[in-house]
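Copied from TrEMBL, the annotated features are:
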- 35-70: domain 'EF-hand' (DOMAIN)
- 84-120: domain 'EF-hand' (DOMAIN)
- 131-166: domain 'EF-hand' (DOMAIN)
- 177-212: domain 'EF-hand' (DOMAIN)
- 228-263: domain 'EF-hand' (DOMAIN)
Amino acid sequence: MSFDSNSSSKKLNFERASNFMRQFRDPDSRELKKLSANQFMEVWSHYDRDGNGYIEGTELDGFLKEFVSSANFTDISPDAVSDSMLVELKACFMEAYDDNQDGKIDIRELAQLLPMEENFLLLFRFDNPLESSVEFMKIWREYDTDGSGYIEADELKNFLRDLLKEAKKINDVSEDKLIEYTDTMLQVFDSNKDGRLQLSEMAKLLPVKENFLCRQVFKEGIEGATKLTKDDIERVFSLYDRDNNGSIENEELRGFLKDLLELVKKDYDAQDLLEFEETILQGVEYSSDGKISRKQLTMILLALAKHHQEEEPSTP
């Protein structure tokens, strides 16, 4: 008897879960209702079941089936979406919303799909992403006001307030809403759940247009697959010497090191960056003035290429 009870309970929970999107649709028109920040977080958490920051694979299949079936006036099961329909649906859907074409949905892409409070949506719509990690490090320094190496909740709230002010929407946002947005952003981007954002977490909230070192020619050169030419090194230097003063310094240097660190480490904090800086710079006659020259940059890139080559297992 207890088995039957548990079984029916599980079935009930499954049915609720399988129609999760239905609660967010207007019962008369079946249109999606405008979601609050908390409701958006509910949807995201429900479908990103493994918490890896993407809706992908079976998560994505489940979302698409439920999204489509919830639009029907009759309460049809998501399983009514056949495999062939799902393939066609996924192709159309990903073409429309998978901006970076990686075959999965990240939180920004979901934010474009679901109707949300306008102000909250603005926090996900960076029409002009940061040009480089140099700009990112400048913003990091500006908002990490206590120099702790983390963006704490109050600092994040100040960042979000300024972001909305820049979008000329500040008059529409109450302090309570700002607190709600801050809490939601922490839930989304604070991967290790310590109540604050470390460097790699903030980098997901505030993406840069491009990690220059991920360009094929640089990456292959650093990894030793191809030989870096003098022109390649000159291009790296000019990409980070944003003020064209002939040296890479301060946030330019931090931005370069952040991009370099991202090639080898997915999750990192300010302490990781500091230790990485010490390791990278200790062998290049680094002076205490906080600058590196073209010659020193060349030494760093060639040393990294040599290190990668030494790590490659020799073929029998």
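Note that Cβ sites are derived from N, Cα and C of the backbone, with glycine treated the same way.
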Stretch of maximal Cβ-Cβ contact with the domain 'EF-hand' (177-212) [cut-off: under 8 Å; candidates 35-70, 84-120, 131-166, 228-263]: 131-166
Surrounding residues of the domain 'EF-hand' (84-120) on its own chain - C-beta under 8 Å, 6+ positions past either end: 24, 32-37, 40, 43-44, 53-57, 60-61, 63-65, 68, 164, 169, 172-173, 177, 181, 184, 188
Same-chain residue ranges lying at least 6 outside the domain 'EF-hand' (35-70) that approach it to Cβ under 8 Å: 17-22, 24-25, 76-81, 86, 89-90, 93, 103-107, 110-111, 114-117, 120, 177, 180-181, 184, 187-188, 191, 204
Beyond the flanks of the domain 'EF-hand' (228-263) by at least 6 residues, Cβ under 8 Å: 132-138, 141, 199-200, 203, 211-214, 217-219, 221-222, 272-273, 276-277, 280, 289-294, 297-298, 301-302, 304-305
Three-state composition of the domain 'EF-hand' (228-263), taking helix and strand from DSSP: 24 helix, 2 strand, 10 coil
